């Protein structure tokens, strides 16, 4: 039996309205009763996730910022990874041919250059929000990641520009079809989960994980049991064709699968 369960949030554990369903919360509690370690592995900020855990009284480890930070149950920082200052400077100061909005993250929060109220819909559950700044005056030290949000085709063209400018000095990935992230080299949820399992004296074979986007690829591909959401990005399913696909996040599919796993571990599972 798995000893640790790692969950992506958006498109996986969260429903399309960006809330955690009651069935999901009940199932997470059942996992804790079985002494299975919970880990939330997300692109969201540690400040937001710590607020959510506190509101729900959930004991869980946190992998946040797509692997840039790992925190213990008590909130102790176990691992950090930042963009090199010269990489952050290039991304912030370069004139990119894109309509996408730019978002910068550090330990103090989420920063952007103008109001984009539509983006806050994804944060109704926690109330977390951006701070408006002049991005050219952003301190370059300790930037965890930089994101671009916009149309997928536009972001795909931007990805080419970024790679041509940065080469191997950063890791580029789509955390959603409308979000392209610039991360430190070697930084991803899978690498962060490796750090956490070593801290806990576990192996990746002891873990199960659930996800829906390309920022989940390394995590899903490295654990003993990886599961892809039915609403996942097609690119993820193509990258990991050997992994089972469960149901849609709107139906709380993670809870559906785990309830079966807890109650009928020896019977085959169907997402229907």
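Cβ from N, Cα, C; glycine included.
Listed in Swiss-Prot:
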type	residues	note
ACT_SITE	8	active site, nucleophile
BINDING	8, 10, 212	Mg(2+) binding site
Exercise for the section: Select the most exposed residue of 8, 10, where exposure means the fewest other Cβ atoms within 10 Å, treating these as the recorded positions. Expected result: 10
Exercise for the section: Have a look around residue 212 (Mg(2+) binding site) and count the other CB atoms within 10 A of its CB, chains all included. Expected result: 27
Exercise for the section: To the nearest whole angstrom, state the Cα distance for the pair the residue listed as 'active site, nucleophile' and residue 212 (Mg(2+) binding site). Expected result: 8
Handout entry: Neighbours of 8, 10, 212 excl. site residues, C-beta within 8 Å of centre, Mg(2+)
Key = 9, 11, 12, 13, 14, 42, 176, 211, 213, 216, 229, 249
